[in-house]
Amino acid sequence: MLLIAFYIAIAAEAMTAALAAGRRNMDWFGVCLIACVTALGGGTLRDILLDHYPLVWVENPYLLLEVCAAALITIPLARLVDRLRWPFLLLDALGLVVFTVIGCNIGIEAGVHPIIVIVAGMVTGTAGGILRDVLCNDVPLIFQGELYATVSMVTGGVYYVGLIGGLPGDLMAIIAIAIGFVLRVLALIFRWEMPKFVYDREMRK
Amino acid sequence: MLLIAFYIAIAAEAMTAALAAGRRNMDWFGVCLIACVTALGGGTLRDILLDHYPLVWVENPYLLLEVCAAALITIPLARLVDRLRWPFLLLDALGLVVFTVIGCNIGIEAGVHPIIVIVAGMVTGTAGGILRDVLCNDVPLIFQGELYATVSMVTGGVYYVGLIGGLPGDLMAIIAIAIGFVLRVLALIFRWEMPKFVYDREMRK
Amino acid sequence: MLLIAFYIAIAAEAMTAALAAGRRNMDWFGVCLIACVTALGGGTLRDILLDHYPLVWVENPYLLLEVCAAALITIPLARLVDRLRWPFLLLDALGLVVFTVIGCNIGIEAGVHPIIVIVAGMVTGTAGGILRDVLCNDVPLIFQGELYATVSMVTGGVYYVGLIGGLPGDLMAIIAIAIGFVLRVLALIFRWEMPKFVYDREMRK
């Protein structure tokens, strides 16, 4: 079940990334690359940081084809995808929490400290979007107050605490995904935001 | 022969990267670093993704000296290098296809899936320029429609298909480099471009 | 002693990074992430390039907590931290040279070429700031003429030459840190700058 959600989330991430690339008038290759970085970049960065090889898409290259196909299909369907804003926000929320749980599992397998398990989940869930914004030359959207990384942290925390408490992994995955998903959707509906640190004076100079 | 082409291409990449740094008024250290990232970044990223250590320039640090020397020599010669626009575009095209073939070889040695062999070639050929543009705070030039990554993909594809077909590696390297080089030069002359995905509406908001 | 200086420098880097994040109106999560990347990114990049695992903060996750704590404490204290400009410039200078010596040590342990030992020190000392500027969507400050990477190179060079000359490591660490620190402070006082490469004409196009 986690695997099916993973493939759906990968495709959804690729499609929203393709729209971001289209907004910058990128060519088709750029669209595919931005889609790959967004959909697979978080897991790739996590695996590099944990020395966990081979990378997911090196072992299973058809993931690259899926991502590129989803990205290229988005080009003729752009107006439609755009009108489906809410379904895509929900798929994006699903992707965030599913990626987080998968990332935590990799961390647990690697036998790292609990803090790093949560970090592995957060990197998997959020780094793809950060890399997309760096390549598109934006200040990463995720730092602008949306409750996004926090959702990832809560999801990973719930999942890990449940596992430590002896609950079965499948059950905890479902519970953590449900809690994280609802939290993210509530944050979208009620426009919950992280507090910002607004600071004006230049220090250097 | 591949090795000689490699050293020439490295130096050419370093010199055009130095001009890019000069256009942003960087200091001499910045010039060297941008040159290193552009000339060696593609191979470095490929090796990190494939877990292929030690990195080329860690094993052979004189590459770093070559790159920095080529970059610093560019400073007094900037106007000359600029006037030699076509020779440098040709060297850049040579670099693209040579890097691609070398990257495919590393992928083949690592025993990865054919798709990943092509990807390894493309990363080697194109990632240096992407990293340069990220450090210079540009939207990567490569996404703006030039036939560049496509040339790398075709070169890698021809090379790999030939090897699979049982042709000797040296011959196929020459054939693939020749085809890729001619394709890139034709693209430059006739201004062939990838189709772009132009999309205006903001989705998030 | 190196370890105490390391912890102090990490906290100082995190605090100045938090101010940089605040100037871009980032949320609290962004503040923590920018602080982590700035304070720990140099060592992380060095370890990835040298295949030196596990990463420092994966092995010792409390470093992440220290960095986030230092970053979050900066938010209410921003005006105070800003007024303490000189103490922070001094701590930043200390961090630069201490990180450099630690990076050289990792390089020496890994048994790499002397050039790579110096590069390992420079990456450790300077890459965190470069990554911070990339995430904040700036052209990296370090390329704008400040005598920063040069100080790192001199510090690493003095340290390594002393070790080769048979002097004890502890003594050489103190000497190299003192020389590098004084050089950086003199550069700040007298506004010493690297020469810049200013170049105006567009080559491509």
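Quick reminder: no glycine exception, Cβ is built from N, Cα and C everywhere.
Here's what TrEMBL has on this protein:
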type	residues	note
DOMAIN	C:4-75	domain 'Glycine transporter'
TRANSMEM	C:62-81	transmembrane segment
TRANSMEM	C:88-108	transmembrane segment
DOMAIN	C:90-161	domain 'Glycine transporter'
TRANSMEM	C:114-135	transmembrane segment
TRANSMEM	C:147-165	transmembrane segment
TRANSMEM	C:171-192	transmembrane segment
Distal contacts, the transmembrane segment (C:147-165) - CB-CB under 8 A, six or more residues away: 93, 96-97, 100-101, 103-104, 108, 114, 117-118, 121-122, 125-126, 129, 171-173, 175-177, 179-180, 183-184, 187, 192-194
Summary of DSSP states over the domain 'Glycine transporter' (C:4-75), given as helix, strand and coil counts: 60 helix, 1 strand, 11 coil
The domain 'Glycine transporter' (C:90-161) - residue tally per DSSP class, helix then strand then coil: 58 helix, 1 strand, 13 coil
Predicted model, mean pLDDT over the domain 'Glycine transporter' (C:90-161): 90
